[in-house]
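Novice: The following block contains the structure, expressed as structure tokens.
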Amino acid sequence: MTTATQLLKSFTLWEFLKAHALTLKYFFKPKATINYPFEKNPLSPRFRGEHALRRYPNGEERCIACKLCEAVCPAQAITIESEPRDDGSRRTTRYDIDMTKCIYCGFCQEACPVDAIVEGPNFEYSTETREELLYDKAKLLANGDKWERAIAANLEADAPYR
């Protein structure tokens, strides 16, 4: 480019006009964002959100205390203690997840033979203290009860790919 052309473009503010033309081009197009708290995008059935412990339809918890999720967790965020029951089966007495350590990899969900521990659809959970991110068995079961319908639908939608 010649010096005269560069000088002419600088005097006419050519770049400024190009920027405004680009702005006007997108100004009249439909918006590309959503109004988040009021509108939400659909989540994938494979979305990994807040953890939950599921129950059987009769109300009994699914976890059989095999501790596979604890063993497979790369962040060592899961702690399980169990005791044998009168009928010879094991059940958990303590099931804790330290959400500050969790990396949401989904290995715990994949390792569970009875689909007891799952990562649900909830991604909107915040706390004021770190202690609230230490989930115990009661909190995990409450999450499972709260999100059971959505969790079951997600697992059913994902079943052909498992």
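Cβ coordinates come from backbone N, Cα and C, glycine included.
Take a look at what Swiss-Prot says about it:
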type: BINDING; residues: Cys63, Cys66, Cys69, Cys112; note: [4Fe-4S] cluster 1 binding site
type: BINDING; residues: Cys73, Cys102, Cys105, Cys108; note: [4Fe-4S] cluster 2 binding site
type: DOMAIN; residues: 53-83; note: domain '4Fe-4S ferredoxin-type 1'
type: DOMAIN; residues: 93-122; note: domain '4Fe-4S ferredoxin-type 2'
Novice: Can you name the residues of this chain that are 6 or more positions from Cys69 ([4Fe-4S] cluster 1 binding site) yet have a C-beta less than 8 Å from its C-beta?
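Specialist: Cys69 ([4Fe-4S] cluster 1 binding site) has long-range Cβ partners Ile78, Ile80, Phe107, Cys108, Gln109, Ala111, Cys112, Ile117.
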Novice: Mean pLDDT across the domain '4Fe-4S ferredoxin-type 1' (53-83), rounded to an integer, is what?
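Specialist: Computed over the domain '4Fe-4S ferredoxin-type 1' (53-83), the mean pLDDT is 96 on the 0 to 100 scale.
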Novice: Quick check: which same-chain residues outside Cys73, Cys102, Cys105, Cys108 lie with their CB within 8 A of the centre of the [4Fe-4S] cluster 2 site CB atoms?
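Specialist: Other same-chain residues near the [4Fe-4S] cluster 2 site: Cys69, Val72, Pro74, Ala75, Ala77, Ile78, Ile97, Ile103, Tyr104, Gly106, Phe107.
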Novice: Tell me the Cβ contacts of Cys105 ([4Fe-4S] cluster 2 binding site) under 8 Å, same chain only and six or more apart in sequence, or just say none.
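Specialist: Result: Arg48, Pro74, Ala75.
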Novice: Starting from each candidate's C-beta and looking 10 angstroms out, tell me which of the binding-site residues Cys63, Cys66, Cys73, Cys102 has the most other C-beta atoms.
Specialist: Cys63
Novice: Report the residues of the chain - excluding Cys63, Cys66, Cys69, Cys112 - with C-beta within 8 Å of the mean position of the site's C-beta atoms, for the recorded [4Fe-4S] cluster 1 site, in sequence order.
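Specialist: These residues sit around the [4Fe-4S] cluster 1 site: Ile64, Ala65, Lys67, Leu68, Glu70, Ile80, Cys108, Ala111, Pro113, Val114, Ala116, Ile117.
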Novice: Fewest other CB within 10 angstroms, which one of the binding-site residues Cys108, Cys112?
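Specialist: Per-residue Cβ counts within 10 Å for the binding-site residues Cys108, Cys112 bottom out at Cys112.
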Novice: Under DSSP, is Cys63 ([4Fe-4S] cluster 1 binding site) helix, strand or coil?
Specialist: coil
Novice: Pop the Cα-Cα gap between Cys73 ([4Fe-4S] cluster 2 binding site) and Cys66 ([4Fe-4S] cluster 1 binding site) into the table, whole Å please.
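Specialist: Cys73 ([4Fe-4S] cluster 2 binding site) has its Cα 14 Å from the Cα of Cys66 ([4Fe-4S] cluster 1 binding site).
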